[in-house]
Amino acid sequence: MKKKWLSALLVTAMVTGLAAGCGNNGEEEPSEEGGKTLEVWLAPLDDDTEKNWGDLLGDWEKEHDCTVDITVIPWDKYQETYSTAMSSGEGPDVGYMYNEMILPYIESGAIVDMTDYITEEDEAEYKYLQNGYMMDGQYGWPLVTGVPFVLYYNVDILNELGEQPPETWDDFVRICEKATQDTDGDGEIDQYGYAVGMNTTDIGPTQILNAYYYSVLWQNGSNIYNDDMKSVRFADEAGTEAMTWMKDLTQYMNPDFMSYSWSDAFSTIFGEGKAAFGVNRSAQTDETTYAESYPDLNWDYVTSLKNVDYGTFGATDSLTLMSDADDPDLAMEFIKYVTGAEFMEQYHAKCPGAALTNSEPYVGDPKMERIYTEDTDKWHGIQVGPCGDEILTQLAADLQGIMTGELTVEEGLAEAEEYSNQLLDEYWADKE
Amino acid sequence: MKKKTGIKKIEPYLYITPITLILVLFVIGSVLISLTLAFTKYNIITPPVFRGIDNYTRILGDAKFLKALGNTLKLLVYIVPLQMVSGILMSVFLLATRKRLLGKIANCVIFIPFLCSNAVVGVVWRQLLNGKIPPVEWFFGLFGIEPSMLLGDSKTALITVAMVAIWKWMGYYSVIYLSGLMSIPTTCYEAARVDGAGKIRCFFSITLPMLKPTIILTLFLCVTTSLRNFELIFNLTGGGPNNATTDLVMYAYTLCFRTSASAGYAMAVSNVLFVVVLIIGLMQQRLLRRDASEL
């Protein structure tokens, strides 16, 4: 009998535990100091974002009698975590979003237009505030910008070929052609013109657009959307020409380009000195880190090639004020503080990044400085438009199909265009 | 017959309450939610809007869905037979060499991949295939294969995913088969040998027929596991190139979490997968029942 009672007791305890585990009254826990708690969700901005930010926030927390609770969300679960949290009303007070993901949150009212919080001093101080202006409102407050994908080149290979750094598409093709060769005489190509990786396992499918496609599209004068955002533009004459040019480059690429992610291709092929060119997301510390990672590599970079125009992708990731924030004024003060010169100077000393304000000096390796001085007009973010995720995901798949030869340029672009325009038609029909 | 009273009456229900709650809340509940939301336009962030059967109509004309369905079925066809055969052969090898050093080592090593998560297996194999590692290059070179081309070619990427899945689960199925093999009485083999049967004849006339219940069990398990390759695909190919390795789960995931406005449609896709699994499950149940009665 005792055993039965014990079993029944255990079962009751388990059921209670299960029910308790599922329960949530939705109320926030008070902070340890008894003040407010500010929930901030960030992406992994460095090796230990939580600690690096936490260490610098002590004084601000004391001054505002609040605790900043930082949650770092891994990139591979980023969008998933945000959308599920929003649907269950458990989002943060301050979020961190990139352009491709932000539109549905604007449309659903999950994030707030910060226009009213912008002062004249802010306008004078913040260098990239306009990058957070979208859909007729200041929905993003740029936090990370200025890490564009740039074209790195192997100085030794170019010297051997008697070439100067490329400036135009013609230069680039000519050097790629000369660089693609069998250097050890075994009859097989072992040095490539262009190290490329189009496997989409690294971060997500749109990364291959960030790394390789936008630059080509923009350099040829096209774009993703038409200005009215009611249809896509990437399949127009300039877009088709850009894609054709890119497809033609496959003869100078490592033949296994579809197996590598863009970052693997850079480290494994370009980093090992087996290609004249490689694309990577630049960082202010590249000179230092590459000296450790690729000690034998003699490299330099071109921010952007030019055909019709310059252009390469530089993300603008922004802090967002969430509409569910318990204390929007406090959240806004936090946003301004962490993007301001005082915080950023200390943070960039630990983890170099582009200065967001005019008061903040450039911190980083001298070699990379020209991206933020001479070349600022050569890189920018993508257009924020309706159905962005769907359109870009489809475009990335069709780009793969074109590059592997499964689809012709015309077929691939037509498929992506048809799919995108259908989505946009539905979107605008819903709006009406 | 004595009538049960008090705690005795509710006791059995109490025992099954925890698992029932879990089942109702997280399994049946999820299915019901999915069935309901499939009739809506839903982006997870804003409330769903009822759209009737729009999502199911869209499925019929969605080339990507058909490709994903095709890939799911192809994976099933690639994985199940090879997994079954390789499991049997490996277990026979393990049994035959169990007293030798090689057999003992193999016995331990073969189960390790099963203990690793699919995500880890995916990342490790991607690095192995793309890492230009000389022993790996040499091994694949024996068959005239360039390993770094496997995941990037739409003709070979899905087969590569299937092979990695088979490698991952081989230890698990070998252990199941091994237990089946060990339960076959040695007297059967002794009698066969007396009658002049060789090893191959013994395998086909004794081992395989007596393994039939185990084979049916593994067939059922194998079909189920061959539909669960999401993490492998996610980490090996990301669904590419050009959706060549996107199965229905990957497609539904992409629709739901990588594109922001298609959660309702993703539910409809998931429901189709649910029906596919249900049909396969019911067919197997019938097979199991028939074979059990024959035994």
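Even glycines carry a Cβ here, placed using N, Cα and C.
What TrEMBL records for B:69-284 is domain 'ABC transmembrane type-1'.
Look at TrEMBL and you will find B:12-39 (among others) tagged as transmembrane segment.
Distant neighbours of the transmembrane segment (B:75-96): 103, 106-107, 110, 158-159, 161-162, 165-166, 169-170, 173-178, 180-182, 203, 207-208, 211, 215, 218-219, 222-223, 225-227, 229, 247; these residues of the same chain sit at least 6 beyond its ends, with a Cβ under 8 Å from one of its Cβ atoms. Sequence annotations record features per position, and here TrEMBL assigns transmembrane segment to B:75-96 (among others).
Sequence annotations record features per position, and here TrEMBL assigns transmembrane segment to B:108-128 (among others). Beyond the ends of the transmembrane segment (B:108-128), by six or more residues, the same chain brings 90, 94, 136, 147, 151, 164, 167-172, 174-175, 228-236 to within a C-beta distance below 8 angstroms of the stretch.
Under the heading transmembrane segment, TrEMBL lists B:157-181 (among others). Within the chain carrying the transmembrane segment (B:157-181), a Cβ under 8 angstroms from the stretch's Cβ atoms is held by residues 71, 74-75, 78-79, 82-84, 86-88, 90-92, 94-95, 110-114, 116, 118, 121-122, 125, 129, 150-151, 207, 210-211, 213-214, 217-218, 221-222, 225-226, 229, 232-233, 236-237, 240-241, 244-245, all 6 or more beyond its ends.
Residues or ranges marked as transmembrane segment in TrEMBL: B:202-227 (among others). Same-chain residues lying 6 or more positions outside the transmembrane segment (B:202-227) and placing a CB less than 8 Å from one of its CB atoms are 72, 75-76, 79-80, 83-84, 87-88, 92, 165, 169, 173, 176-177, 179-181, 184, 188-189, 192-193, 247, 249, 273, 277, 280, 284, 287-288, 291-292, 295.
For B:263-283 (among others), the entry in TrEMBL reads transmembrane segment.
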